[in-house]
Amino acid sequence: VTGVLDDCLCDIESIDDFNTFKIFPKIQKLQERDYFRYYKVNLKRPCPFWADDGHCSIKDCHVEPCPESKIPVGIKAGSSNKYSKAANNSKELEDCEQANKLGAVNSTLSNQSKEAFIDWARYDDSQDHFCELDDERSPDAQYVDLLLNPERYTGYKGPSAWRVWNSIYEENCFKPRSVYRPLNPLAPSRGGDDGESFYTWLEGLCLEKRVFYKLISGLHASINLHLCANYLLEETWGKPRWGPNVKEFIRRFDPAETKGEGPRRLKNLYFLYLIELRALSKVAPYFERAVVDLYTGNGHEDAESKALLLDIFRDTKSFHMHFDEKSMFAGDKKGAKSLKEEFRLHFKNISRIMDCVGCDKCRLWGKLQTQGLGTALKILFSEKEIQSLPENSPSKGFQLTRQEIVALVNAFGRLSTSIKELQNFKVLLQQTR
């Protein structure tokens, strides 16, 4: 995949260099900070669109919360607990981590983290724009350590996974009924259609609707890349080995295997990267204010996290080929407003479809990446509000919850990883030829 992307003036090589040398190393570091590694999610919300066809029983899909008896008293006590070293190193915590087998979502937390979350909750002022947010106060919502639960291939596939993507593409991508070919790039096309008539239709859409399709396609391509790059290659003596699967990559992206569509999907990944990169550069003033603190209760850690985040913002601003979102929703005010609302509702619907994903680990990462993109869209459509934020008081007009901030950074981190993994696959493909 090379050359200039459609609908913007940026070329792929510039993004590759910028991501590899500037963004990727820093965003990796940022994702390891306490503020960004814990994400609160409700994996038990029922699917609102069809009767649930049962959850995936594969162990790598599995979420195994700690039994109540194993959770140290200090964690249960919450903020009354002091930061004692003895409490943090308790035997129960070790037992609990042992109980979380391969692939299980590890929901054990240190006492310090538990205290920090109580404080974070006070800082959050929930205001939803593009996503259906989980109710954090729900008894089913739990904190997940994203570092202990990496996104990777779990074996979840088949009709359940198909239905989710099909619903996203068929019902939420502004497709007229006259276009028969399924939008889902994994679905079998009917008859001898090579896809060109389908893309003629896509090019005929207005910019906003075309952008919407590309964002969803880019997200799909990114998730598929993560699964190809972190594939269960073998399991000997119960010890799994994860790594890149070149055959799987070819199956999903090779032009010959995908009727020429693979490269288009990868271009949409780059397009999505540009959109989220643009959102990061636009939201910088929100975080540059002294009143915004990435609060965990550890002053030194918090200051370091904020410095690293601001450093990333400086890099995003230095990128000279941003997508120009001003070209979107730029028609007559009434038409632009109704189109923007349609855009928002379609995206909100997609965030609800994520509750229909049968594999808990896939659901976790699907929800996080959808929420991250929803937050990016919210930022791009709130430029005036961000520019007029008061310097020394919490903002009234534009507000991000901690959930949205964590999702935004981690979702962009996933895209940055995808583009890095794509470089790796290019090398592996040259070696296999």
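From the backbone N, Cα and C atoms, a Cβ is placed for every residue, glycine too.
Cys362 is paired in TrEMBL with Cys359, the candidate among Cys356, Cys359 named as its disulfide partner. Geometry remark: Cys359 (disulfide bond) versus Thr154 (FAD binding site), CA distance 8 Å. With a 10 A radius on its CB, Arg252 (FAD binding site) counts 22 other CB atoms from all the protein chains. The number of other CB atoms found within 10 A of the CB of Trp165 (FAD binding site), across every protein chain shown, is 20. A Cα-Cα distance of 8 Å separates Thr154 (FAD binding site) from Cys362 (disulfide bond). The two recorded residues, Ser217 (FAD binding site) and Cys362 (disulfide bond), show a Cα separation of 17 Å. Comparing His220 (FAD binding site) with Cys362 (disulfide bond), their Cα atoms are 12 Å apart once rounded.
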